[in-house]
Amino acid sequence: MGERKTVVVGVTGGVAAYKALDVISKLKKADLDVHVIMTEHSTKFVNPLSFQSLSQNMVVTDMFAEPKAWEIQHISLAKKADLMLIVPATVNIIGKVANGIADDMLSTTIMATKAPVVFAPAANTNMFLNPIVQNNIRKLREYGYKFIDPDEGRLACGDTGSGKLADTKLISDIAISMLYDVKDLKGKKVLVTAGPTIAAIDPVRYITNRSSGKMGYAIAEEARDRGADVILVSGPCKLEKPFDVDVVNISTNEEMLKAVEKHFEESDIVIKAAAVADYKPKTYSNEKIKKGENGLNLELERDNDILKKLGSMKKNQVLVGFAAESHDLINNAVAKLHNKNLDFIIANDITCSDTGFASSDNKVTILCRDGKNISLPKMSKRMVARELFNLINEKR
Ligand code: CTP
């Protein structure tokens, strides 16, 4: 990303107003400059001081608080905004904007800005589904305003239905993604694998590994934000499904192989971040294995080396693998790069306790087929993904 971007967050008067605090915290973590405009009603739900503390900017609440200055203020925030995010958006603000009403600081700023405006509505189901409201939403969509649809769920009023504010991570992820101006993967198809695979022993037991999936998910999200069409083949992990990414959930080595083979040919870039099990039990017991007096020997047999298969099928695809090593990092990684016919391999030392597997950070060396090595300092997995795509694009 180039210069620091500005998000103007409009908070309107609904019970979900407190959730906007969480959205702002996430935007700040992404190093965005955040300014908050609160409607008068929203200040009855949450104290502006909370928004001021989190955004580290003065909160604008009243258009007439500073006589003569207001005009400058609403115009300046409207100009400063790279994105406006209305969270939560009541049916009232939706109705006002849809009908050209600008009678307070938030509605005037929305009207004056040329930045994209995103509404994240939250309302009682009947209010939200009211045809007048739905018509207003349709009208605003036609004008280019964006909506993050509310979820279904139990609402503050006790009703169950549509109208619950969308997940705060989804809201902040969409905002961050919209502000990402590097779109160098537009038109490209990127296939990513992530997480562990599992090999079943009997109906209740299985063998797996400690992969959290974080590295592969970060790669998928980075590719999406740079404009790619992304397919993420994911082993079982606890991470949320990233938006606008086609996720294929699998469990075993065999299922992962089938899924990647299906999409390999049409892909431009294939990145295998998954920790694939190399062995599976030789026999699967249909019945639960009962314990006996003695120990139990489990015989394992080799399973598919998926990446090696892809290396042998490769035509124009850029193929990237990972090498998780506990010793002789570079030599082992170089051997895998050639043995599996890769273009890049990302080597990480799994003996470092604060990086790798479950951590959000990683410290890696990226090795290129032409012999170039890039050792990166410890950084977030998202930043590793960014460096990887920078390098892929540089070499293409
Ligand atoms: N990989 C794969 N299929 C396997 C094993 C690994 O596709 N059965 C892929 C991983 O997704 C990763 C790369 O191969 O991109 C390297 O995985 P790693 O486990 O480090 O290497 P292995 O080839 O399995 O070698 P070893 O376990 O002996 O280190």
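Cβ atoms here come from the backbone N, Cα and C positions, even for glycine.
As recorded in TrEMBL:
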REGION    1-189  region 'Phosphopantothenoylcysteine decarboxylase'
DOMAIN    5-149  domain 'Flavoprotein'
ACT_SITE  C157  active site, proton donor
DOMAIN    185-393  domain 'DNA/pantothenate metabolism flavoprotein C-terminal'
REGION    190-396  region 'Phosphopantothenate--cysteine ligase'
BINDING   D278, K288, F322, K336, K340  CTP binding site
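Structure coloured by features recorded in TrEMBL.
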residue : record                    : DSSP (3 states)
C157    : active site, proton donor : coil
D278    : CTP binding site          : coil
K288    : CTP binding site          : coil
F322    : CTP binding site          : strand
K336    : CTP binding site          : helix
Express the distance between the Cα positions of K336 (CTP binding site) and the residue listed as 'active site, proton donor' as a whole number of Å. 58
Among D278, K288, K340, these being the binding-site residues, pick the one whose CA is nearest to that of C157 (active site, proton donor). K288
Cβ packing number for F322 (CTP binding site), 10 Å threshold: 23
Which one, from the binding-site residues K288, K336, K340, has the smallest tally of other C-beta atoms lying within 10 Å of its C-beta? K288
Across the region 'Phosphopantothenoylcysteine decarboxylase' (1-189), what does the mean pLDDT come to, as a whole number? 92
Summarise the domain 'Flavoprotein' (5-149) as counts of helix, strand and coil residues per DSSP. 71 helix, 27 strand, 47 coil
Cβ neighbour count within 10 Å of the residue listed as 'active site, proton donor': 13
Which recorded positions from the list C157, D278, K288, F322 come close to ligand 1, meaning a Cβ under 6 Å from one of its atoms? D278, F322
Take the Cβ of D278 (CTP binding site) and count every other Cβ within 10 Å, whichever protein chain it belongs to. 14
